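Engineer: Can you keep this structure in mind? I'll have questions shortly.
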Amino acid sequence: MMRGCSRTRLTQNQGTAVCMTNCPTLIVTVGLPARGKTYISKKLTRYLNWIGVPTREFNVGQYRREFVKIYKSFEFFRPDNEEGLKIRRQCASAALNDVRQYLTEEGGQVAVFDATNTTRERRETIVQFAEQNGFKVFFVESVCEDPDVIQENIVQVKLGSPDYTNCNTDEAVEDFLKRIKCYENSYETLDEVLDRDLSYIKIMDVGQRFLVNRVLDHIQSRIVYYLMNIHITPRSIYLCRHGESELNVNGRIGGDSGLTPRGKAFGKKLSQFIQTQGISDLKVWTSQMKRTIQTAEALDVPYEQWKVLNEIDAGVCEEMMYEEIQDHYPLEFALRDQDKYRYRYPKGESYEDLVQRLEPVIMELERQENVLVVCHQAVMRCLLAYFLDKTAEELPYLKCPLHTVLKLTPVAYGCKVESISLNVDAVNTHRERPENVEVSRMSKEALLTVPAHQ
Amino acid sequence: MMRGCSRTRLTQNQGTAVCMTNCPTLIVTVGLPARGKTYISKKLTRYLNWIGVPTREFNVGQYRREFVKIYKSFEFFRPDNEEGLKIRRQCASAALNDVRQYLTEEGGQVAVFDATNTTRERRETIVQFAEQNGFKVFFVESVCEDPDVIQENIVQVKLGSPDYTNCNTDEAVEDFLKRIKCYENSYETLDEVLDRDLSYIKIMDVGQRFLVNRVLDHIQSRIVYYLMNIHITPRSIYLCRHGESELNVNGRIGGDSGLTPRGKAFGKKLSQFIQTQGISDLKVWTSQMKRTIQTAEALDVPYEQWKVLNEIDAGVCEEMMYEEIQDHYPLEFALRDQDKYRYRYPKGESYEDLVQRLEPVIMELERQENVLVVCHQAVMRCLLAYFLDKTAEELPYLKCPLHTVLKLTPVAYGCKVESISLNVDAVNTHRERPENVNIHRTTQDALHTVPPHV
C-alpha cells in the first residue's frame with residue numbers, strides 16, 4: 001500500500017548522493033534475449049503505476065532502433081563488432097540519462113532499465129550510476145533454458161518486432177537464435193557468492209523457482225511478491241457488472257438493491273454465454289452485494305464472494321440521484337468533477353481508495369487462470385484500468401455498460417479486449433465529465449451529462 | 001485474503017486421497033537445531049490464525065519431552081543411540097497422527113510440523129504421509145552458519161527450555177552445541193536439483209537470501225510473502241489510541257470528532273513519553289481521522305496517515321450512543337453481543353472485516369523496526385490480538401483504554417507487553433459482554449455494561 005510517500009531532496013556529497021528513506025528505485029533487468037525481460041518490465045511498470053507508484057520503463061533496444069534506423073541482421077550484436085558495441089553503449093547511456101531525468105526532475109519513483117545487462121562489468125557501471133544519483137538498485141534476472149518457452153517467446157513478440165518486418169518467420173527465428181548466441185559466451189548470471197551484496201530476484205524457469213537476495217525496503221518486497229505471483233499460462237479474465245438493478249433504473253447510485261426483470265434476464269444470458277465459452281475450471285467471483293450475488297446465482301456454478309469487490313462507498317450520497325446530489329451537495333458534486341479519481345465522497349471513498357482495496361483482487365487474478373468477476377461500475381473501471389494500463393485521469397470515465405462482458409486475454413506484451421454485449425436492454429449509467437466543473441456552475445450545467453432514468 | 005474457503009470432502013482412492021482445491025496444507029520445517037524453526041513455526045501459526053486460517057503447530061520436541069520425562073544430555077540425540085532413535089521416530093509418528101486428526105476431523109486448514117527433518121529419507125516419509133491423506137506439503141528450511149546468531153538463539157530460547165532447568169548457562173550451552181553436532185553429519189539440505197519437485201522456501205542467513213521452489217497456491221504464496229517480510233532485529237512497537245474525543249465523552253461510537261482538552265493533554269504527555277524512550281528513527285502512523293491526526297500533531301515529528309487504520313465503520317449506528325442503538329436496533333444490538341467478532345453493522349463492518357483490511361498494516365509492521373501506531377479502539381484490539389495471539393472470541397473484548405500506551409517487545413517466542421498509563425484522565429469506552437445476549441432481553445439487560453458518559 002503506497003501511502004503517498006513524500007519525496008526528500010537529495011544532498012550531493014562527493015559524487016555520491018545520500019539515499020534517503022524514499023529515494024527512487026532503479027530496477028535493472030538481466031538475462032539473455034527472449035527470456036521475458038520486456039514482458040516483466042512492462043507488466044511490473046503497469047502494476048506499479050496502478051497502485052500509485054510513478055514508474056516508467058526504459059527499453060534500450062528501443063533506443064537502438066531509433067539510432068540504427070534499419071536492422072540488418074544478428075551481426076550487429078556480434079561481440080567482435082566494434083561499431084555495434086559502440087552504438088549499444090551509447091544507447092545504454094542515453095537511456096540511463098533519461099532515467100536520471102525521470103527520477104530526479106520528473107517526479108518518477110521507479111525506473112525500469114530494460115536491457116540484457118548480462119555482464120558483471122555492465123551491471124557494476126549501473127550500480128555506480130545509481131550510487132552517484134542516490135538511487136536504490138534492484139536487479140530482476142530471468143533465467144530459462146527451456147527451448148519451447150524460448151521458441152514461443154520469439155513467435156509471440158520477436159516476429160512482430162520492427163527488426164523483422166521484412167523477414168518471413170523462418171528467417172526471423174533463425175536470425176534471432178543467432179542473436180541470442182552472441183550473448184551466451186559473455187553471460188555472467190547473478191551469483192550467490194560474487195553478487196551477495198546486490199539486491200535482486202532471479203526468476204528461474206518462468207517462475208518455478210526464485211532466488212531472492214537482500215530485499216531492502218517495502219517497494220522491493222512488493223515487487224518480489226508481484227513477480228512471484230504472475231504466470232504466463234494462457235487464460236482469459238471476464239469482467240462484467242451485475243444485472244440491471246432497481247436503483248440503477250431510478251438513476252440512483254450505490255445502495256444494495258436487487259435485480260430488475262431485465263437484470264435477471266442478463267443473468268440467464270450470462271449463463272448461456274459462459275457455457276458457450278467452454279472454459280474448464282472457471283472461477284466466479286462476486287461482491288457481497290445482492291445484485292452481484294443474484295447475477296451469479298443464475299450461473300448455477302460455485303462462486304466466491306469478496307467484500308473488497310463491493311461498489312465504491314458514496315458516503316452521504318449513497319442511494320441519491322445525481323439531481324439530488326447537485327441539490328444537496330453542489331460543491332461536492334463540482335469537486336468530484338474536477339478530480340474524479342482522487343475525490344472522496346464525505347464519509348465515503350474515492351477511486352484512489354478503491355484501487356488500494358482492490359489490490360489483493362488483482363494479485364489473486366494474476367495467480368489464477370480463467371476467472372469471471374461479477375462486480376460494479378467503479379470497481380470494474382479500476383480493474384479494467386489495471387489490465388489496459390489506463391491512467392488515473394482516464395480510469396473514472398472508462399465505459400463499463402450494464403449487460404456487457406469484457407473478455408481480456410493476455411497477448412504479447414498487453415491484453416486483448418473483446419466486448420460482448422449480451423443483448424439485454426439496460427439503462428445507461430455512464431455520466432461523462434461535464435464541460436463546466438466550476439464550483440460556481442449552474443445546476444443545468446452540472447446535470448448536463450446525467451444519463452436518462454425514470 | 002482468506003475468503004472463507006469451503007472444505008471439500010476427500011475421496012480415498014487406492015491409499016492416495018485426491019487433493020481438492022481447498023485441501024489442507026502441511027508445512028514442514030527443516031533445519032539443524034537453533035536455526036529458528038520453532039520461532040518461525042509459532043509466528044507463522046499466529047499470523048495464519050489471525051487472518052482466519054485455522055492453523056496449529058506440532059512440535060516434535062514437545063512430544064519427546066512428554067515421553068522422556070527427564071532430559072539427561074545430548075547423548076539422547078547421538079545418531080548411534082538406537083533407543084533414542086526409536087523414541088524420536090515414535091514421537092514423530094504420534095505428532096503426524098495428531099496432524100491427521102487436526103486436518104481431517106477438527107477443521108484445521110494448516111498444520112505446521114516442527115522438527116529438524118534434516119534427512120531426505122525423513123522428508124520422503126512425510127511426503128508419503130501427506131499424499132495418503134490428501135494434504136499439500138510445503139517445506140520451510142532455515143539455514144544459518146553465523147555462530148553469533150546461533151549463540152543468541154541458544155541463549156534466548158534454549159537455556160529456558162525444560163531440558164535445561166537444572167543446568168547452569170555454560171553447561172547448557174555446551175550440551176546444546178554437542179546436540180547440534182549429532183545432526184550435522186546426516187544433514188541433507190533441500191537441493192535445487194534433487195528436490196526440484198518439492199514445494200519449499202529455503203531461508204538463508206536469517207532472511208538475507210531465499211530460495212523459493214514451486215509455490216502451488218494462494219496460501220503458499222501468502223506464507224512465502226510473510227516469511228520474506230519478518231526479521232529478528234530487536235525493536236519495539238507502541239500501540240495507543242487517539243486522545244479522548246468529543247464523541248467519546250458523550251458515549252457515542254464512531255464519527256470523526258476532535259480531541260477534548262484532556263485528549264490534547266494526552267498528546268503532550270505522549271510526546272514527552274516518546275522522548276524519554278529515546279528511540280532512534282521512530283516511525284509514527286495514524287489513521288485519516290481527525291482525532292488520531294490531532295494526537296500525532298502534538299508529537300511534532302513526521303507521521304504517516306493510513307486510511308486502513310480508520311476505526312471500524314459502524315454503518316447505520318455511526319455516532320450513536322449504545323442507548324440509542326438499543327432503542328433503534330435492539331435486534332442488531334443483541335446479535336452483536338452474540339458474536340461480536342463476526343457481526344457486521346448494517347452498512348458497516350465487522351471485526352472480521354477489520355482484520356482483513358489491517359493485514360497490510362501488520363505486514364508493514366513486521367518489516368519495520370520501531371513504530372508508534374496511533375489508532376482506535378477496535379483497530380487496536382485487532383492489532384493487539386495479532387501480537388498477543390488472541391482468539392477471535394477474545395479479540396473484541398481486549399482492554400484498550402484511552403490514554404494508555406502498550407509497548408510490545410518481541411522476546412523469545414512471543415511478545416512482552418508493557419502497559420503505560422500516561423496519567424491523564426479519560427472516559428472509559430470499554431463495554432463488556434452482558435450476561436443476557438438473547439434477542440428478547442430487556443433494555444436494562446442490554447445496557448447493563450455500558451460505561452458511564454456525559
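Glycine too: its Cβ is placed from the backbone N, Cα and C atoms.
Grabbed the feature section from TrEMBL, which reads as follows:
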{"type": "DOMAIN", "residues": "A:19-234", "note": "domain '6-phosphofructo-2-kinase'"}
{"type": "BINDING", "residues": "A:Arg241, A:His242, A:Gly243, A:Glu244, A:Ser245, A:Glu246, A:Leu247, A:Asn248, A:Arg291", "note": "substrate binding site"}
{"type": "ACT_SITE", "residues": "A:His242", "note": "active site, tele-phosphohistidine intermediate"}
{"type": "ACT_SITE", "residues": "A:Glu311", "note": "active site, proton donor/acceptor"}
Engineer: For A:Arg291 (substrate binding site), what is the secondary structure by DSSP, using just helix, strand and coil?
Structural biologist: helix
Engineer: Work out the three-state DSSP category of A:Ser245 (substrate binding site).
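Structural biologist: The three-state answer is strand.
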Engineer: For A:Ser245 (substrate binding site) and the residue listed as 'active site, proton donor/acceptor', determine the Cα separation and express it in whole Å.
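Structural biologist: Taking the Cα atoms only, A:Ser245 (substrate binding site) lies 13 Å from the residue listed as 'active site, proton donor/acceptor'.
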Engineer: Expressed to the nearest Å, what is the distance separating A:Glu311 (active site, proton donor/acceptor) and A:His242 (active site, tele-phosphohistidine intermediate) at their Cα atoms?
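Structural biologist: About 11 Å separate the Cα atoms of these two residues.
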Engineer: Same chain only, sequence gap of 6 or more: which residues have a CB within under 8 Å of the CB of A:Arg241 (substrate binding site)?
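Structural biologist: The answer is A:Val374, A:Cys375, A:His376, A:Gln377, A:Met380, A:Cys400, A:Pro401, A:Leu402, A:His403, A:Thr404.
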Engineer: Would you mind giving the whole-number mean pLDDT across the domain '6-phosphofructo-2-kinase' (A:19-234)?
Structural biologist: 95
Engineer: Do you know offhand how many angstrom separate the residue listed as 'active site, tele-phosphohistidine intermediate' and A:Arg291 (substrate binding site) by C-alpha?
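Structural biologist: Here the two Cα atoms are 6 Å apart.
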Engineer: Centre the Cβ atoms of A:Arg241, A:His242, A:Gly243, A:Glu244, A:Ser245, A:Glu246, A:Leu247, A:Asn248, A:Arg291, go out 8 Å, and tell me which other residues of that chain have a Cβ in range of the substrate site.
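Structural biologist: My list of surrounding residues reads A:Val249, A:Ser257, A:Gly258, A:Leu259, A:Thr260, A:Gly263, A:Leu402.
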Engineer: By a simple count, how many Cβ atoms lie within 10 Å of the Cβ of A:Glu311 (active site, proton donor/acceptor), its own Cβ left out?
Structural biologist: 24
Engineer: Using all protein chains in view, find how many other C-beta atoms are within 10 Å of the C-beta of A:His242 (active site, tele-phosphohistidine intermediate).
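Structural biologist: Within a 10 Å radius of the Cβ of A:His242 (active site, tele-phosphohistidine intermediate) lie 30 other Cβ atoms.
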Engineer: List every residue in the same chain as A:Arg291 (substrate binding site), at least 6 positions away in sequence, whose Cβ is under 8 Å from its Cβ.
Structural biologist: A:His242, A:Gly243, A:Ser245, A:Asp256, A:Ser257, A:Gly258, A:Leu259, A:Gly263
